[in-house]
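Engineer: I'd like to ask some things about the structure below.
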Amino acid sequence: METAVAYYKDGVPYDDKGEVIITLLNGNPDGSGSGGGGGTGGSKSESSAAIHATAKWSTAQLKKTQAEQAARAKAAAEAQAKAKANRDALTQHLKDIVNEALRHNSTHPEVIDLLMPIMQRCRQKQSGCALQKQKKKPVKKRKRAEKSFQEAEQRRKEIEKEQAETERQLKLAEDEEKRLAALSEEARAVEVAQKNLAAAQSELAKVDEEINTLNTRLSSSIHARDAETNTLSGKRNELDQASAKYKELDERVKLLSPRANDPLQSRPFFEATRLRARRGDEMEEKQKQVTATETRLNQISSEINGIQEAISQANNKRSTAVSRIHDAEDNLKTAQTNLLNSQIKDAVDATVSFYQTLSEKYGEKYSKMAQELADKSKGKKISNVNEALAAFEKYKDVLNKKFSKADRDAIFNALEAVKYEDWAKHLDQFAKYLKITGHVSFGYDVVSDILKIKDTGDWKPLFLTLEKKAVDAGVSYVVVLLFSVLAGTTLGIWGIAIVTGILCAFIDKNKLNTINEVLGI
């Protein structure tokens, strides 16, 4: 029977009992921590849909709990309000009694009362007693009401804490649900594999800790057994000595027994009998000590056998856990490979789409030239930056004569409005296509250098920046960077020609002479 995932904590799946669940991509969810053979069963893996469904179930359960807690909070608030009203009513009643008594006692006496002080004191005494009797019952009721109110207040605070914790867990569950919904199928598979690997590693760590504890106990028990063995050897030697002395005295008693009835010669017999009895007691005590030591030794030996059996079982569990880790690692590697292949496919599709766009906008010839530049950049080393700059400047001067300043400023206006998140997306796609690592942060430097050209007219800082990156990461990175500029911004025909000219200057200067023809300039 499969174990359902109730929730995730720190990336590790747990069931509704709080136990870690190990889910192999080619096996069943397993919350028991046992099993063998590396979990190579033929049942289906936990799919991303199941993970997503679990997240939704967890959110729904928390919302249900939240509603139940809200109902309990409402009931507690009503109980508290009722207790408070009861307490306040009793408090007011008690105040009324006291005020009535004080009003009665504060009445000014008549002349006759002044003449009869004894009668007045009696009335006051009777009034005080009545007041005490009248107050006693409401005071007890008020104390009970106050206790009920405090209990209701305590319960209200406890429910508030429960609600706050449920709200926190609900937010985490909702965030997890949203995050899972945003993942691709391959990315979810990677996440499942990562969580399964983490769970398997956690299980192995627990087993290793258990084995270490058992080994410590085994070492201690063996030490105790050795000590008891030495003690037993000593006790047996003492028993043998006591037995020998007893036998010696027993033989003497037997030898002297014929004289036992002779008053003149019976004394040696009775002395030997007394000594034999004492030696018998000593021998019995030594036997008890030997028996007790043997019992302890047997207990320790039994404990050692139990520990050794537990270690054997733990080692079997460890072998299973290691096998699961290997399977989880293999599954993770497979999932990561599938994800990478999917990303590369997406990148290739995006790149092909990019070339198709180039074909539609600038013709097949330009698209073909762009592909040739990309292919030539693979593994190519940077050429002399001054030579590249000189070749580019020559091409640029010819190009500038064909375009107005407004046309030339289009590239600067486009880069000033660039959205770096779009650029980063294209940069990542082209980088995967050429199998290199792309960093959009480097693009900020390039954009900054290009924007400065509008004011300075100096292209050398840009070429030095590109040269440095080409030296560090290869010419392919320059291609990736500039292709992402072409894909992510609208540069105008002059901008397209300039970017292409930069690429040709670094990769193939001979193509500088064909750019205008290819673009139809």
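Cβ coordinates are placed from backbone N, Cα and C, and glycine is handled just like the others.
Annotation source Swiss-Prot lists region 'Disordered' at 26-52, 127-163. According to Swiss-Prot, the feature compositional bias 'Gly residues' maps to 30-42. If you look up Swiss-Prot, you'll see 133-145 marked as compositional bias 'Basic residues'. What Swiss-Prot lists as compositional bias 'Basic and acidic residues' is 146-163. Taken from Swiss-Prot, the feature transmembrane segment applies to 470-486, 493-509, supported by sequence analysis.
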Engineer: Below 8 angstroms Cβ to Cβ, which residues of this chain, lying six or more residues outside the transmembrane segment (493-509), approach it?
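Structural biologist: Those are 362, 366, 369-370, 372-373, 376-377, 380, 382-383, 387-389, 391-392, 395-396, 399, 403, 407-408, 410-411, 414, 462-463, 466, 470, 475, 478-479, 482, 485-486, 515-516, 519, 521, in sequence order.
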Engineer: How do the residues of the compositional bias 'Basic and acidic residues' (146-163) split into helix, strand and coil according to DSSP?
Structural biologist: 18 helix, 0 strand, 0 coil
Engineer: In the same chain, which residue numbers or ranges, 6 or more beyond the ends of the compositional bias 'Basic and acidic residues' (146-163), come under 8 angstroms Cβ to Cβ?
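Structural biologist: Tertiary neighbours of the compositional bias 'Basic and acidic residues' (146-163) are 66, 69-70, 72-73, 76-77, 79-80, 83-84, 86-87.
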